[in-house]
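Student: Once you've had a glance at the structure underneath, I'll fire off some questions.
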Amino acid sequence: MGKVLLELHSVPWNEEGLSDNARLYSFLEFVSPKIEELKYRKLLLEKLQTHIREVVLDAELQVYGSMYIGTTLSISDVDVSLKSPRVGELEKRRVTMVLRKYLDADADFHSSARVPRINLVDVSGIGVDLTFGNDKACRTAELQKAYNEEHPIFGRLLMLLKHWLFERDLENVHHGGIASCALSYMLIGWLEMRFHKKGIDSEVQPIRALLQKFFYFWGVEWTYELFVLRPLTGQIVPKLQKGWLNEVQPNLLSIEDPIDRNNDIGKQSFQISMIKAAFVASANELLSDKTWFSTFAITEDEMFLCKQFENVINTKRSLVEGYDSDTESDELQAGG
């Protein structure tokens, strides 16, 4: 299991003399979207709203997820909800048809999902997850953005951990992996338990050490069979008390949703045994001064995505330059 990893040598984080923090932050900068890509994502949202308004005239979109929180990676999807007005099944299907016409002929409408959604992929390779009236996800994003503003180390760690999951193909909750929301709360709960409740400043800790301790905690120390995590307060609640013990698979991850305390965010991660093994392996790897950075790598998938995005940008740039040249030529002829 896992994606194809690339062994790159001429990269900034392999330079000699870098501290551990500098290497990790250099890697993080590399896997984060550049200014041009961030602008493109905003334009993509504008296009999305324009097309949706062909069906829903006064449609208002609300961004949530990593783009709202400030933890976007180049591999991240654009998460957006049709905030208002509320629309019925017919309008959702008409929106799907419009998006198939303009953005992605293979746009997929999941009408039976807990939160109905349309998934599509832009020509740039950037994925879009459009949901309808997803108030809970938007409130979650607001909560996590506030936490990130108070504790910036949270965002940096979260981005590295999201990439770590992506490398190992463990980020897809539909395949039993860990969703971004669950990962975020695992990190918040751990930071609260181990640092903030004890009055310890997590911001001054070496980031390599934080990653190692996080992996060790969730790979070795946490008793999945017995406990539920209450993330914002770093509390531990017995599964039996919540009525969340799954007798068929008692070791499932359980996280109480701060927005809806009756919702278990972690229960869909049915590959938790495999994920725990990966946590333990990385916890051990990060202890080695010689090989610790092999915990992170660039994947073939994201290099392909990067090239796909560059091709789109270069094509548009060529069209603009061609238009400018034609305009200048026409003006010269007119002047002559």
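Keep in mind that glycine also has a Cβ here, set from the backbone N, Cα and C atoms.
So Swiss-Prot has the following annotated:
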- D77, D79: Mg(2+) binding site (BINDING)
- 209-263: domain 'PAP-associated' (DOMAIN)
- S325: phosphoserine (MOD_RES)
- T327: phosphothreonine (MOD_RES)
- S329: phosphoserine (MOD_RES)
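Map these features onto the structure and tell me what's around them.
Tutor: Look at D77 (Mg(2+) binding site): DSSP puts it in coil.
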Student: Given the binding-site residues D77, D79, and counting only Cβ atoms in the protein chains shown, which has the most within 10 Å of its Cβ?
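Tutor: In terms of Cβ crowding, the pick is D79.
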Student: For the domain 'PAP-associated' (209-263), how many residues does DSSP put in helix, in strand and in coil?
Tutor: 20 helix, 10 strand, 25 coil
